[in-house]
């Protein structure tokens with residue numbers, strides 16, 4: 001039995017990656033010092049592999065993003081960045097003023113930089129995999145370089161602002177891209193490399209027959225090289241074509257789907273290739289039931305095993321988690337522990353006496369009263385009492401808002417003072433009373449500022465919240481937060497996903513104190529601010545033995561209890577943030593109807609409010625076209641969307657959807673940029689929207705929360721936004 005593993009987190013046990021990268025950006029360390037620290041992290045990653053697996057991967061530590069590294073390797077550098085000058089160009093592409101677009105990697109919480117293919121004149125600019133291979137070779141360590149495959153690279157790229165997905169377009173680009181990959185492989189083999197690991201996760205997407213013909217042509221060009229292909233996140237879309245590729249070995253993910261196993265049983269597996277069975281879950285942090293896993297490996301007759309997908313979706317180790325609920329830590333396996341599980345499986349198949357644990361979750365942290373509530377749900381639980389048109393009439397009478405009402409998305413700048421006070425409170429250096437008094441002062445200040453600016457619907461600023469998911473996770477039963485469970489989101493940004501380990505329920509009000517205090521300071525409506533069930537679930541780890549639908553409904557019930565408390569306290573507008581609604585959708589569109597059915601139900605269960613309560617939904621996407629029909633089924637009254645980057649073009653999704661009647665908060669200010677938008681810039685976006693939607697449906701707001709901006713940017717931008725609304729009212733009030 002041979003053990004492969006891949007994607008070990010580069011972050012470091014003490015987030016050394018983040019510190020070194022940010023120190024380099026700030027000029028605190030030189031380029032050489034930065035590279036030395038990265039080399040130490042490389043060695044740390046490889047030592048973890050060497051202890052547990054047979055095939056040690058290299059080329060796994062990117063200075064920012066592995067897709068960007070691939071773009072550099074093949075010379076896909078847009079003209080605006082000029083001649084490639086090493087790290088200065090690299091980080092300009094990653095985070096400069098004209099940086100590449102960033103988006104989610106398949107349906108995960110990792111973000112990658114989208115390559116821009118301009119001329120299609122690829123060249124081998126820098127053989128990064130070879131450099132890493134030779135680095136380890138100089139240390140006496142043999143590795144198998146890991147490379148993003150050519151098909152996935154193009155599939156994740158854009159040309160002229162459009163995704164490169166059409167087979168004819170891909171074929172043209174492959175004529176120039178394939179020779180570059182050949183050169184990379186040739187140089188590796190010439191230097192004694194015995195195996196090259198090629199990641200092709202795009203093979204699991206909705207591909208046509210023409211795509212697979214193209215894939216076969218591409219890989220026939222590589223038939224002499226020792227390639228092993230890795231696929232993950234779902235089943236390969238054409239099993240028979242996949243297993244016929246002329247390569248040394250093929251990895252299949254047997255965790256995320258059932259189709260790979262069904263296809264294996266139906267079509268078998270070629271005897272001239274190595275089957276690498278991805279049987280240890282790389283996305284969820286639970287210890288595997290190794291007895292069951294061993295039975296599956298036996299059934300497959302696999303001669304090699306691995307994790308199902310990259311381990312960078314997990315924290316490094318559960319070893320230092322000392323404040324988790326009783327009985328939880330021993331059920332956890334982070335990246336290091338996953339490698340150990342693979343080693344135990346290998347020893348078992350080699351006939352060594354090892355214990356294959358059977359982890360049981362059956363009765364762990366279960367609350368039957370919540371299960372009972374879910375069983376009692378009826379179709380009316382997922383529908384509001386009155387239809388939208390009737391709710392709209394009631395709400396307009398109740399709220400008496402002007403035309404083009406203005407608001408923000410929720411958070412305001414979290415200054416270093418706010419972060420310091422929160423840290424002091426968590427360390428026990430100040431009392432709860434002192435901390436709450438400080439938060440009240442911040443709320444009072446932000447309400448005053450919003451009133452002075454002239455916003456119509458106010459927010460409390462979210463100064464008490466570190467993170468929109470972690471805040472609720474800390475207040476709900478059945479969800480744990482970690483001390484050191486850091487995962488990389490993009491660049492140097494890390495977050496700690498909460499762990500949904502039991503039945504989720506609410507212990508008491510979570511947001512009431514701060515929101516009702518803010519409302520007491522003003523006559524204007526203050527929005528209640530909640531995170532939706534799909535986002536809490538999608539940005540957390542959760543149990544594998546409980547259906548996703550049930551977990552989502554548990555969270556939705558808890559959020560709905562909060563909505564009802566806010567209503568009782570006189571709050572007339574409640575916003576439910578659901579940025580994960582689209583991104584949690586399965587990779588394959590054939591699985592969308594089932595997912596969206598329960599995702600829509602979960603939102604509607606959470607949002608089941610009185611007719612006079614105006615429910616806002618916030619979703620920060622730039623592409624609604626694919627999911628507009630599903631969004632239309634959500635029971636909100638107003639949806640706020642990003643519109644600034646697309647200059648209002650996002651609204652075409654609503655133009656193409658006949659029968660749209662709900663209100664839309666148009667994000668006219670791109671908060672990801674430090675620039676203060678002018679009234680005219682923002683007006684052009686609203687005018688684009690007014691070509692399609694009636695003026696009565698339009699709100700004016702930033703496209704996202706303002707937590708990461710500073711006050712010097714926020715105040716003038718919001719003033720311009722309010723001036724815009726006043727200008728629009730003058731212009732359109734009598735039309």
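Heads up, the Cβ atoms here are built off N, Cα and C, so glycines get one too.
Of all Cβ atoms in the protein chains displayed, 15 besides its own lie within 10 Å of the Cβ of residue 672 (active site, proton donor). In the three-state DSSP classification, residue 672 (active site, proton donor) falls within coil. Taken from Swiss-Prot, the feature active site, proton donor covers 672.
Residues annotated as 5-methyltetrahydropteroyltri-L-glutamate binding site in Swiss-Prot: 15, 16, 17, 18, 104, 493, 494, 539, 583. Of all Cβ atoms in the protein chains displayed, 17 besides its own lie within 10 Å of the Cβ of residue 494 (5-methyltetrahydropteroyltri-L-glutamate binding site).
Following the DSSP three-state reduction, the secondary structure of residue 411 (L-homocysteine binding site) is strand. Residue 411 (L-homocysteine binding site) counts 22 other C-beta atoms within 10 Å of its own C-beta, drawing on all protein chains shown. Taken from Swiss-Prot, the feature L-homocysteine binding site covers 409, 410, 411, 462, 577.
Close to residue 577 (L-homocysteine binding site) in the fold, though at least 6 residues off in sequence, lie 410, 468, 529, 530, 531, 532, 535, 617, 618, 619, each with a CB less than 8 Å from its CB. Feature annotation from Swiss-Prot assigns L-methionine binding site to 409, 410, 411, 462, 577.
Taking the Cβ of residue 704 (Zn(2+) binding site) as centre and 10 Å as the limit, one finds 24 other Cβ atoms among all the protein chains shown. According to DSSP, residue 704 (Zn(2+) binding site) sits in a coil region rather than a helix or strand. Summarising the annotation, Swiss-Prot assigns Zn(2+) binding site to 618, 620, 642, 704 and lists sequence analysis as the type of evidence.
Summary of the L-methionine site environment: with the site residues 409, 410, 411, 462, 577 set aside, the chain residues having Cβ atoms within 8 Å of the Cβ mean position are 408, 459, 468, 529, 575, 618, 705, 707.
Taking the Cα atom of each, residue 494 (5-methyltetrahydropteroyltri-L-glutamate binding site) and residue 411 (L-homocysteine binding site) are about 19 angstrom apart. Taking every protein chain shown into account, 15, 618 are the binding-site residues, and of these the Cβ with the most other Cβ atoms within 10 Å belongs to 618. In this structure the alpha carbons, written CA, of residue 409 (L-homocysteine binding site) and residue 583 (5-methyltetrahydropteroyltri-L-glutamate binding site) are 20 Å apart. In this structure, residue 17 (5-methyltetrahydropteroyltri-L-glutamate binding site) is part of a helix by DSSP.
Between the alpha carbons (Cα) of residue 583 (5-methyltetrahydropteroyltri-L-glutamate binding site) and residue 620 (Zn(2+) binding site) lies a span of roughly 11 Å.
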